[in-house]
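S.K.: According to TrEMBL, the feature transmembrane segment maps to B:12-36, B:56-77, B:114-133, B:142-160, B:195-213, B:296-317, B:323-345.
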Amino acid sequence: MEQANTVVEMRNITKRFPGIVANDSVNFKLRKGEIHALLGENGAGKSTMMNVLFGLYQPEEGEIFVNGQQVVIDGPNKAIKLGIGMVHQHFKLVHPFTVTENIILGSEPKKWLGLAVDKKMAYEKVGNLSHQYGLNVDPYAKIDEISVGMQQRVEILKTLYRGADILIFDEPTAVLTPQEISELLVIMRNLVNQGKSIILITHKLKEIMAIADSVTIVRRGKVIDSLPVAGTSPNQLAEKMVGREVSLKLDKKDAVLGEPILEVDNLVVKGRQGLNALNGTNFTLRRGEILGIAGVEGNGQSELIEALTGLRPVADGSIKISGEEIAGKKPRQISEAGISLIPEDRHKHGLVLDFPVRENMVLETYYQPQFNKKGFLDFNEIATHAERLVKDFDVRTPSIMTDARALSGGNQQKAIIAREVDKNPDVLIAAQPTRGLDVGAIEFIHKRLVEQRNMGKAVLLVSYELEEILQLSDRIAVIYEGRIVGEVKPSETNDQELGLMMTDYKRPQGGPESE
Amino acid sequence: MNKLIRAFTKDSALVPLVAIVLGLIVGAIIMLIGGYDPILAYRSLLETVFGNRYDFGETLTAITPILFTGLSVAFAFRTGLFNIGAEGQYIMGMTGATIIGVTVHLPWYIHAPLAVVVGAICGGIWGMIAGYLKAARGVNEVITTIMLNWIALHLANYLVNRFLLEPGKGRSYMVDDSASATIGWLSRFMDDARMHWGMFFALLCVIFFYAFLWRTKQGFELRVVGSNADAAAYAGINVNSGVVKAMFISGALAGLAGVFQVLGVFHNQVIAASHTGHGFDGIAVALLGGNTPLGVLLGAILFGTLSYGAAGMSFGADVPPEIIRIVIGSVIFFVAAPGIIRWLLKRVSGKKRKEEAI
């Protein structure tokens, strides 16, 4: 009976890469019409499992059954033919093309003996599909003109257009706003109601509790457990995923506020297109507090960080650290004045991936007398320093000579935090500090940020994840179109209210200086 | 045996080695198609290079300029820049050295060093122009350096023609003996091959290349800029000044190639109809050497040997010397397409592993 309902079964799949066993004899079963979450930390092997299913990797051992038939999936084309579709985390879209053109790319409906693309039919078909599953996508819109959430729906449509009955979603909510996330969850429900089956790759427990029917937990290449979501709890899942007890709630004493340390007054900064990205931003940061900047991506957060660290010229207004004006100063002067930054994009801005950990640890301090002896770098000293940071911050790396590229995301982030915190800054700016990290690493990083605050430092947390903002901040400032449109206490708000403020539907009474 | 293979593959030193072998094989195949004897050809190539003192010395002289230009291109590459302009910087180096060598008259211990320094600075400035345009105006250095190559060629011709020309000859006056970089006793020992100090300077530059980039603070900055300019900016490193500095050093290295061609080999500067190609060969040498100092040294030795030996090949086996350009071209092709070689190696070692299992 149960066998008849199983649409995908992976039996004893083993996939090895040089030096590691990514999947160690794993089993996985997807039933028709269910949303099955695949839960695991980064590098646990869940993506490998799905890449095997999608034909991107060939397993060394094991069998795959689709609808009861044993199959060999030797490439994505075969997977698509079997009705398996994948919605990738990083969208694969041609930006100047329309939605429909993107969807039909590679399997265009033809006319005139295959010489021309039947565009009319294509637009019609895409429009119908979008309507049928409640996706609400305009088939004629260009990808450039639609939001990230819409782009994701185009990816979903792509799989549906190719006749997928089994959809794999790879970390689908990583790039979405809270509102978009709840819409996506509705869409996923819609899809299973119409007979599709969904595999959801994620490490977010909240999503699993909200939407999934069953969950399979992967840890270090092995399937730890597979169980229905009803009758389990986030804590139980987290424990299975990490292999030890984790506290999802952060232990945090009340903030002991010190004197104001960072004062941003009427800051105006131009963005990339020459328009004002920051339009008179005001806020004050005190010692001993974590100020969370909440907002939808693209409302001036990146420009704010760049202006604070000297990477973007300040058009007007002032930035003072302990009363000293730093607007217009060079990044290095600002760094020496006591600002440290954990950048938003650790690969692009935080690390030189092709350099060893050792060099990355002194990226901002190499010129100081401790390491720089008359123009020559003292690599013994640098190595000692790096060894100490690696140890203190538990950066898991084979050695300090390993290239930063080879480290897992969590350990790369730990390396950056080690470097920045070690500079002993007065103000620590943390931009998206836990983006793409798993529960264990998030816990570690959150603890470190709170520790800095407890030591009397000021922490400016810029994050697009409301949960993180709500959990960590002592005070939340909402940024919208380059202005702080409201300040709230985390204890007096919730993510719905914040979500509305972030899209400027609602402003609280008072305004920025309401305290 | 497997361990050995792995050690080599790890170092990725195997790729260029295999590329060289494959390049020679391609050359051999083409010779066979053309009806020549490849074994005889390669043997006469080696005999030319190592056969007598004169030719061996001249081979070293042929290696020197492309070692400089190879270092120049590799240096720029390490700092994230693609310097196609080694040719132009080479010409400016020549011009600077010629001007000093011909127009001023000084004791040798000042004259020669001055000519070397001025030539190097001329090359450096020529590189710096492209660096400045990139830093200040965002102009891609590939385009500017190509244009600067032509500007250098014609500017140098103009300067020689207008100010330095020896009447009745298509070249400048000879540089003073006091500016010469020739090593007399070594030249005599090598049966009058044109031996000069440039060779030793080039070796010093190999060491400088390593020590500067991997040991000094400034070299560290340049490497960070080259590997990730965004991260460099975030770390407070001035990316623009790094670009200018790197192009100056790169240009100076290429300039030194020209300097020693004038002071050590020709002792004059001709009015050139076209580029010498030393600068462009530098790109190939850098590529072959994987932009590492030691690799560039080996790459230059290979190129110099093949180019110089090509003449003997046509003499001994009647093979047109152009064949050796095909060999060089194929070597570069295989180096630039390491995927082919990795695939080949995998097949070879994979087969072995299976045999062992049986």
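Cβ coordinates are placed from backbone N, Cα and C, and glycine is handled just like the others.
Show me how these features fit into the structure around them.
M.R.: With a threshold of 8 Å between CB atoms, the same-chain residues lying at least 6 positions outside the transmembrane segment (B:12-36) that come near it are 5, 42, 288-290, 295, 298-299, 302, 317-319, 323-324, 326-335, 338, 341-342, 344-345.
Through the fold, the transmembrane segment (B:56-77) approaches residues 49-50, 83, 86-87, 89-90, 127, 141, 186-187, 190-191, 193-196, 198-199, 202, 205-206, 209, 213, 226, 246-247, 249-251, 253-254, 256-258, 260-261, 264-265, 278-279, 281-286, 289, 291-293, 295-297, 299-301, 303-305, 307-309 of its own chain, all at least 6 residues removed from its boundaries and within a Cβ separation under 8 Å.
Distant neighbours of the transmembrane segment (B:296-317): 16, 20, 36-37, 40-49, 51, 55, 58-60, 62-64, 66-67, 70-71, 74, 203, 206, 209, 281, 284-289, 323-325, 327-328, 331; these residues of the same chain sit at least 6 beyond its ends, with a Cβ under 8 Å from one of its Cβ atoms.
When Cβ-Cβ distances below 8 Å are used as the criterion, the transmembrane segment (B:323-345) is approached by residues 5, 9, 12, 14-16, 18-20, 22-24, 26-27, 30-31, 34, 36, 41, 45, 284, 287-288, 302-303, 306-307, 309-310, 313 of the same chain, each at least six residues removed from its ends.
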S.K.: State the residues, same chain only, that lie 6 or more residues beyond the ends of the transmembrane segment (B:195-213) and have a CB under 8 A from a CB inside it; answer 'none' if no residue qualifies.
M.R.: 57, 60-61, 63-65, 67-68, 71, 74-75, 78, 116, 181-183, 186-187, 219, 222-223, 249, 253, 256-257, 259-261, 263-265, 293-294, 296-297
